[in-house]
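As recorded in TrEMBL, the features of this protein are as follows:
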- 6-120: domain 'Tetrahydrofolate dehydrogenase/cyclohydrolase catalytic' (DOMAIN)
- 139-280: domain 'Tetrahydrofolate dehydrogenase/cyclohydrolase NAD(P)-binding' (DOMAIN)
- G165, R166, S167, I231: NADP(+) binding site (BINDING)
Amino acid sequence: MAAQIINGKEISKKIRSEIAKEVDELKKLNVIPGLAVILVGNNQASRTYVKSKQKACQELGMHSLLFEYPETIEESELLNKIEELNHDDTIHGILVQLPLPEHINEVKVIEAISPDKDVDGFHPINIGRMMTGQDAFLPCTPYGIMVLLKEMGIDAAGKNVVVIGRSNIVGKPSGQLFLNENATVTYCHSKTKDLKAHTKKADILVSAVGKANFITADFIKEGAVVIDVGINRNEDGKLCGDVAFEEAKEIAGYITPVPGGVGPMTITMLMYNTLKAAKKFQPALQKTK
Ligand code: NAD
């Protein structure tokens, strides 16, 4: 039987309408959730992502600011801007679009963002909070995956979850969130031996590799939930994930398509985190920093 398609576009739409309602409520208290985005250089993909984030802010009635800098910007100038935004009461979330040019220390930049405004969930304080199961800003793509499963009524507790990929922004935090939900988690990566032996045992398989047609049907356990995080182009230049969708959907129980699966959830969870930051915002506390 063909898999049930997890429609990220629809789920995202539903969550965004809930966010929009909460934004309206906050506005009655004179708080407009504000997101500042910092974009360095001329990376076209980064530019496209930033545009989508700004558009989402506008659609949800949030305040958004974009700060664009040339590739040659000094690290100190970037750090000064972040410091200024940390103290700006109209801004509740700060996002520095990655990657940054080589001469800028990414870790230093992320650590300069106030953990209370770190809506990407990349600051070590938020990562530590996530790992210890405390309230935190969760990284948007992994968070989006968890929300997709929740909306589909899929419980991860006790399930074998295999995450392929160990990046700081997708692979590692995805595994951690599944662990927080009481799943048994296996991480696979470029040095993993006999990948298929692991993936065939997965009740939930998450692929975050970045290679088109990397996961074929023979890697998938019958009835498994397949979450495709990859964003790639196939030979025809069409957008596709890591999973060979047409054959995988014949064996999986549930599957996310690309486009229209995990992708729309990433920006939605960024909006959610910005709303959350605005709700928690206490100007007096910020000013004492
Ligand atoms: P990355 O390049 O940092 O990580 C890729 C991971 O794949 C690495 O950890 C590596 O060990 C693993 N890998 C590479 N070859 C492998 C192999 N042969 N076998 C097993 N593992 C292997 O990438 P990333 O930033 O984690 O992103 C992964 C993919 O997800 C990319 O396609 C990216 O575009 C996409 N992505 C999508 C979203 C979204 O919103 N949907 C968000 C972020 C990233």
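Using N, Cα and C of the backbone, Cβ positions are placed for all residues, glycine too.
Under 8 Å, Cβ to Cβ, and six or more positions away along its own chain, S167 (NADP(+) binding site) finds A208. Largest Cα-Cα distance over the residues recorded as binding NADP(+), namely G165, R166, S167, I231, equals 16 Å.
The Cβ of I231 (NADP(+) binding site) lies under 8 Å from the Cβ of G210, L239, G241, V258, G263, each of which sits 6+ residues away along the same chain. The 10 Å shell around the Cβ of G165 (NADP(+) binding site) contains 22 further Cβ atoms across the protein chains shown.
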